[in-house]
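Feature annotation from TrEMBL assigns domain 'CUB' to 3-118. Sequence annotations record features per position, and here TrEMBL assigns disulfide bond to CYS3-CYS30. Feature annotation from TrEMBL assigns domain 'LCCL' to 120-216. Summarising the annotation, TrEMBL assigns domain 'F5/8 type C' to 223-380. Taken from TrEMBL, the feature transmembrane segment covers 444-469.
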Amino acid sequence: DGCGHTVLGPESGTLASINYPRTSPNSTVCEWEIRVKPGQRVQLKFGDFDIDDSDSCHSSYLRVHNGIGPNRTEIGKYCGFGFQMDGLITSKSNEVTVQFMSGIHTSGRGFLAAYSTTDKSDLITCLDNASHFSEPEFNKYCPAGCVIPFADISGTIPHGYRDSSSLCMAGVHAGVVSNTLGGQINVVISKGIPYYEGSLANNVTSKVGPLSTSLFTFKTSGCYGTLGMESGVIPDSHITSSSILEWPNQTGEVNIWKPENARLKRIGPPWAALISDEHQWLQIDLNKEKKITGIITTGSTLAEHYYYVSAYRILYSDDAQKWTVYREPGMGKDKIFQGNTELYQEVRNNFIPPIIARFFRINPLKWHQKIAMKVELLGCQFSIGRAPKITLPPPPPQSKNDEKNADFMDDFIHSVKTSLQTDKTTFTPEIKNTTVTPSVTKDVALAAVLVPVLVMVFTTLILILVCAWHWRNRKKKTEGTYDLPYWDRAGWWKGMKQFFPTKSAEHEETPVRYSSSEISHLRPREVPTMLQSESAEYAQPLVGGIVGTLHQRSTFKPEEGKEASYADLDPYNSPIQEVYHAYAEPLPVTAPEYATPIVMDMSSHPSTPLGAPSISTFKAAGNQAPPLAGTCNKLLSRTDSASSARALYDIPKGQPAPGGADQLVYQVPQSLAHPTVSKDE
């Protein structure tokens, strides 16, 4: 009466004292006999050990023996509170006896231990969780029987499990290992998430969990894709049932809950059987053999019809004639799967080992009110290679021993079929047990070489562009504020010649601007040349002989050193004459905005009548302050020999001109058209 949680599998198992993890009762005893395959040995590992040692292991203890029966030999006798046993206890044969004795005591939880064959060197117990291991990825062997009522897990697939969850119990929930067989798990540690969902799968309930620093997932084969019930890949004609529920509603319309309604997440009523008994079934034809690794079920999903299936069996066939009930290897009875506990929740069950078949049948055994359900199958495509069917001669009349041999042969055939390799599913997997670390391939190696090279190339190009931009900015700064940009120059020589003064307009190649009155007096051969010249970025001085017209937006360019003459002719209104050019002095920053007087040597040129009235404004020479107001422009002239050359000054509006009336030209408003001057004038 001292035996607690116990699962003894063919290769591994779990055993615990009664009432564990609470204090074990007084005066109890339990003995476990463990057998594995001949030729193998047994190893025992304790997850927790807390036995009263007040009487030096006399009345309360745990004893381990080699062998079973009267010929067994003792390996060791153990007791103690919080006893830590390093390493494993290993037997000398394939049989071990474990004996627990509880005497009179007031405290002590008892023990929990796991066993396996000695070839499982990475054995852990059901109490180990991810926080016990520091590696980011590791492989461990879980024993059978780790679905224990005193362990908790939080999370689900594919999001992962909280790091405080039992590794092996989470492996059963995820469908990685079987609770009756145990198995190998490949664990990957990742950063935790704020919230862990709960779900029911493989008879294990995962609870909702809070934030944790880390989580773990499992690496799997990836054969967990949906096989076409929800997506519609499986046609309606391939979904059949033993019976169909038909009933009229309040309006007299007949509701038919057909088998094709049994598609998971499909809106509307489910499939329901007309009669609720253990002989009803829902059958799915997959069109060809598939590897089926799991099933997801729900109830009716209709609040007004609280129907669901709480337990069922699974049958499968290759021809829909001969059916095989699913059993776990080594088990002599059919496996009963836990179904739904309410009508909405999705419940998953996995097949370990998987089923290889074309026809799949669900046989409900327990239900609430009526048999009604929706279904999705999980798995992947089956590989081309298939084991040949094993044909046996007709057996003679069988005794009881022969029947056992026949059951063994059925299990053998099933294990042969399920041991074949499989391909991945052709459908996008909806359920994944882990994020699998990709293996290194040739493409990855090639990418590892190309990526750094491309980064270096792009970095070099960026540096070249930055350097070019920086060099160009420095060059701009050295050119000066009033220099002409390179793209506005008619050519290198033309761009250079504009900086040199000249006395003759016939040899001037610098692009200048001309007024409409000046262009009309140019010789025909000069007009195309002048019009084709590219304009500079800044306007040139508008002085030529006695010029009466200045462009509205004239800009004067300063030059250092010797004062030179420069002209901006109007190619339409200017008479044929030689023009002397001169540069204007730069405008002072603080002085009023008037033009600078321009002096030209006109001794060898005939006088020219006044042109159109000016719309520009000139500044008085020197530092002399300009008049406050004026209404006319006065043109003054002089020559270097005190003869006929005249300079142009702008007389402020509103004041009398210093000369006579014949020298006054009134300013024309800018909005009016300029009057033209005839040849007679």
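Each Cβ is built from the backbone N, Cα and C atoms, and glycine gets one as well.
Automatic prediction, not curation, is the source of TrEMBL annotations.
For the domain 'LCCL' (120-216), the DSSP counts in helix, strand and coil order read 11 helix, 38 strand, 48 coil. A simple way to gauge crowding: the CB of CYS30 (disulfide bond) has 21 other CB atoms within 10 angstroms, across all the protein chains here.
Regional average pLDDT for the domain 'F5/8 type C' (223-380) in the model is 94. Across the range of the domain 'CUB' (3-118), the DSSP-based residue counts are 0 helix, 61 strand, 55 coil.
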